[in-house]
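Colleague: Below: one structure in structure tokens.
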């Protein structure tokens, strides 16, 4: 959020209403939403939206953070396989949620058109890469792999399964299938 431009502090209930409206509209219609539609859905004036978000991209990213870009922590389980298994389970549980899937599908489709979806997708993928780098660096410190140089490849594989499944409407891996994904990530990491 841009935090306002001076004067009174923004009303947190208005902030929440605007973000909730934006999330709903993004899930319903994708990135073609307008500030007027968000304001109407939130039950606030158009200026309330503009005071908080200078651009539609700012609004879209703030709304998306409500449901998709939350920080996913992976505790140190003591092994690369354990850490990657936990990462798979946690990342897939977020992207498997009913409130996230429509937004993620719209972001994926819009990314190819160079719109706000591309910015959102880059942000999400950047966070996944950071998560994987952290996991691989722990594995290096434990002596399980020689270096974390394959972090981008592992992050791409983790995210690639999400994108392929979202694009085709096939549910994200769970159980044994998720375990096989984690095994493939360990192999890709050099473990």
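Placement of Cβ uses the backbone N, Cα and C atoms for every residue, glycine included.
Got these off TrEMBL a minute ago, pasting:
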| type | residues | note |
| --- | --- | --- |
| DNA_BIND | 34-53 | DNA-binding region |
| DOMAIN | 12-71 | domain 'HTH tetR-type' |
Colleague: Per DSSP, how many helix, strand and coil residues does the domain 'HTH tetR-type' (12-71) have?
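Modeller: Per-class counts: 48 helix, 0 strand, 12 coil.
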Colleague: So what pLDDT does the DNA-binding region (34-53) average out to?
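Modeller: Reported value for the DNA-binding region (34-53) is a mean pLDDT of 94.
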